[in-house]
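Below is one structure, written out as structure tokens; the observations come after it.
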Amino acid sequence: MTEKMTRMTHFVKEEIANAITHGIGAILSIPALIILIIHASKHGTASAVVAFTVYGVSMFLLYLFSTLLHSIHHPKVEKLFTILDHSAIYLLIAGTYTPFLLITLRGPLGWTLLAIIWTLALGGIIFKIFFVRRFIKASTLCYIIMGWLIIVAIKPLYENLTGHGFVS
């Protein structure tokens with residue numbers, strides 16, 4: 001077997017594994033979303049229901065779009081699926097912040113950070129629409145900045161987060 005054929009075989013196997021594992025993630029995220037909504041409905045506020053819904057939907061979309069990207073290799077849809085897959089990373093980062101900012105921090109700090117993180121997510125998505133396969137380092141830097149943004153509120157987050165916020 002030539003080196004090119006070996007690489008192609010590895011690529012196909014890796015894509016199949018990615019499609020299967022991410023598809024499982026998409027399927028499992030549906031009951032997770034339902035559980036989050038039920039829990040928030042019974043024990044939380046309307047803000048909790050919204051926050052957990054946003055988080056659960058963003059998780060589902062990440063796995064769904066990744067599954068599509070790794071499952072369907074057709075020139076007409078590959079760019080679209082790449083844009084959706086990369087955009088879903090921005091959605092999940094912002095979606096993960098949402099419960100902490102709406103429920104735990106609340107108030108001016110929570111709402112300000114929520115606006116910033118979702119603005120960055122929207123900006124990142126727009127960036128991906130136009131530059132999906134370019135400026136990879138800029139995209140990665142944006143993901144990292146978004147992920148570390150919470151450090152500006154780490155003290156109030158720690159002070160307001162109950163033990164259940166660390167382990168349920």
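Each Cβ is built from the backbone N, Cα and C atoms, and glycine gets one as well.
Curation plays no part in TrEMBL annotations; they are all automatic predictions.
Small disclaimer: the values here were computed from a predicted structure and weren't measured.
Long-range contacts of the transmembrane segment (20-40) within its own chain (CB-CB distance under 8 A, at least 6 residues past either end) are made by residues 48-49, 51-53, 55-57, 59-60, 62-64, 66-67, 70-71. Sequence annotations record features per position, and here TrEMBL assigns transmembrane segment to 20-40 (among others).
Per TrEMBL, the feature transmembrane segment maps to 46-66 (among others).
Here TrEMBL flags His70 as Zn(2+) binding site. Taking Cβ-Cβ distances under 8 Å and a sequence gap of 6 or more within the same chain, the neighbours of His70 (Zn(2+) binding site) are Glu15, Ile16, Asn18, Ala19, His22.
The transmembrane segment annotation in TrEMBL covers 87-105 (among others).
Same-chain residues lying 6 or more positions outside the transmembrane segment (111-131) and placing a CB less than 8 Å from one of its CB atoms are 83, 86-87, 90-91, 93-94, 97-98, 101-102, 105, 138-139, 142-143, 145-146, 149-150, 152-153. Taken from TrEMBL, the feature transmembrane segment covers 111-131 (among others).
Annotation comment: TrEMBL describes 138-158 (among others) as transmembrane segment.
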